[in-house]
Amino acid sequence: MSSRKGKRLPRRRWVLLLFLQGVVAVYAAASAAAKFASGHAFGSSGFFLYYGAELVLLGAYALLWQQAVKRMSLTTAYANRSVAVFWGLLISAAVFGEQITLRNLLGVGVIFAGVLLVNTDQEGQA
């Protein structure tokens, strides 16, 4: 830890955490593709288009996830994966026009608090 007051995460760690959030956002986007696929008749071109997009996104997620866990502790990676709830809320509101409730926001706040605790507890670990 540096001589600065308080707990500060090193720059490399911030970059890894931002990368991980991008990975988690890809995972959430795969769920959106699944929802789009479910809106089309099974076997239709729309169904296969969105189902194919879901598979591509899940494949990309798997490869990116492997790179993330190679560079940080599994504890940190899994804790940050829970932020998929936040990304899902954003996608559901922006793309599908779903309402975000106060309870949704409180739940995401609890998740963020937990992720913050895990990330600051993993000091010095990449």
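Quick reminder: no glycine exception, Cβ is built from N, Cα and C everywhere.
From the options 7-25, 102-120, the stretch TrEMBL describes as transmembrane segment is 102-120.
When averaged over the domain 'EamA' (36-120), pLDDT in the model lands at 93.
Secondary structure of the domain 'EamA' (36-120) per DSSP, as helix, strand and coil residue counts: 70 helix, 0 strand, 15 coil.
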